[in-house]
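Listed in Swiss-Prot:
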type	residues	note
BINDING	10, 11, 12, 13, 14, 15, 16, 17	ATP binding site
């Protein structure tokens, strides 16, 4: 890989999507080859899997099914979109990657981080981000943001109770500790302008 693979992680309502939308034009103006994408999704097959995963009526979905669907979507997205871009020397900004599975399915769903990590090692052939930025926020604050965003479609995970979202954050904090060599924790409970500045500095430090 010649490019730089940067993933943005965080609980629901942490501001990942808004952040990436702001980072994209900044790096384009710097004449950096840059691409934004998301998980699950980014390509047709993975977007179809995303639809299944997010359907509100699929509350009966079992945790292992959920974990495997995310891994399947990740595999196709990686080989079809991310890897070609990295090989073409792009800065790839990805909304979620493996760490989401570790926090949500591994920890919050109780499948075990090691088991979920092994599933994803198989799916990605050990491809890991060069840098991960974790946007940390209290679940109550993130969910309140979602409730105020009339344009955001509520998905199946949003409907989980507050205890689930608290476990997700606990899981993320464990992931940050486990992979401290590549993950930078950033406080997401601050004005977006300041958040953008802080994240740009982190990425540029890595680029240099």
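Including glycine, each Cβ sits where the backbone N, Cα and C put it.
The structure displayed is predicted, hence computed values, not measured ones.
Feature annotations (Swiss-Prot) mapped to structure.
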{"residue": "10", "record": "ATP binding site", "Cβ contacts under 8 Å, 6 or more apart": "16, 134, 135, 136, 137, 142, 172, 188"}
{"residue": "11", "record": "ATP binding site", "Cβ contacts under 8 Å, 6 or more apart": "137, 139, 142, 165, 168, 169, 172"}
{"residue": "12", "record": "ATP binding site", "Cβ contacts under 8 Å, 6 or more apart": "139, 142, 143, 146, 157, 158, 165, 168"}
{"residue": "13", "record": "ATP binding site", "Cβ contacts under 8 Å, 6 or more apart": "137, 141, 142, 143, 144, 145, 146"}
{"residue": "14", "record": "ATP binding site", "Cβ contacts under 8 Å, 6 or more apart": "135, 136, 137, 142, 188"}
{"residue": "15", "record": "ATP binding site", "Cβ contacts under 8 Å, 6 or more apart": "135, 137, 145, 188, 192, 195"}
{"residue": "17", "record": "ATP binding site", "Cβ contacts under 8 Å, 6 or more apart": "38, 95"}
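Within 10 Å of the C-beta atom of residue 16 (ATP binding site) sit 24 other C-beta atoms, taking all shown protein chains into account.
The ATP site is defined by 10, 11, 12, 13, 14, 15, 16, 17, and by the 8 Å test on Cβ atoms against their centroid, the other residues of the chain that qualify are 135, 137, 142, 145, 188. Taken residue by residue with DSSP, residue 13 (ATP binding site) is part of neither helix nor strand, so it is coil.
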